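As recorded in TrEMBL:
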REGION    1-20  region 'Disordered'
DOMAIN    8-92  domain 'Large ribosomal subunit protein bL25 L25'
DOMAIN    100-179  domain 'Large ribosomal subunit protein bL25 beta'
REGION    180-205  region 'Disordered'
COMPBIAS  184-205  compositional bias 'Basic and acidic residues'
Amino acid sequence: MNQSMMSCAMRSEVGSRQSNRTRNRGFIPAILYGRNFSNYPIEIDSKELSNIVRDYGENALVSLSIEGNMYTAMIKDIQRDAFEKDIIHIDLQQVDSTEKIQTSVPVLLTGKEYTVSSGIIQQQMDKLDVECYPNEIPKFVSVDVSQLGIGESIRVSDVEIGEELTVLNGREDVIASLSSGKMESAEKYSDEITPEDIPKEIEGK
């Protein structure tokens with residue numbers, strides 16, 4: 001994963017009211033969790049943060065300059081508003097490039113347009129838990145579902161993943177499956193009208 005430079009500044013005040021003021025100025029309140037120092041309350045330009053998340057993913061690796069000191073950190077958690085659109089707060093975790101870390105990587109399903117037209121793709125896992133060095137964190141893991149047949153599934157053990165990643169999920173955990181759409185239709189029309197369902201006043205006519 002490429003490392004992006006992120007500009008930030010210390011926050012002198014914390015709390016809900018102060019956080020709202022920070023957002024109104026076009027910045028996002030954040031916390032940098034350190035390894036050998038107290039947590040730093042910081043603020044980040046909202047547009048810059050949105051661009052980094054868009055280009056590098058929600059677990060992006062960034063370089064931060066705080067009061068003359070440089071820190072390498074990974075986005076650990078993103079909080080969004082009630083509509084799941086705008087970022088309202090993030091947590092960053094300081095990392096050491098020489099030490100492996102555990103994180104979650106989004107799963108991207110590809111080839112859905114080539115699956116059986118009568119089938120329905122069901123994604124059971126939207127993230128994989130992995131262990132790797134910070135600079136080897138992928139933006140996502142691509143899983144090809146184009147060859148799935150009705151009733152078939154793709155498990156963790158079926159996915160080709162680079163040697164630099166150690167997957168922490170169970171090998172038999174199902175990532176995605178293809179089910180028939182007939183079951184839904186059958187359930188929809190299973191409650192057919194019987195003579196007992198017809199009101200007597202209508203039945204007698």
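Cβ coordinates are placed from backbone N, Cα and C, and glycine is handled just like the others.
Given the structure is predicted, the values throughout are model-derived calculations rather than measurements.
Counting residues of the domain 'Large ribosomal subunit protein bL25 L25' (8-92) by DSSP class, helix then strand then coil, yields 20 helix, 40 strand, 25 coil. Counting residues 6+ beyond its ends, the region 'Disordered' (1-20) has Cβ neighbours under 8 Å at 29-30, 40-45, 48-49, 52, 55-57, 60-67, 72, 88-89, 134-139 in the same chain.
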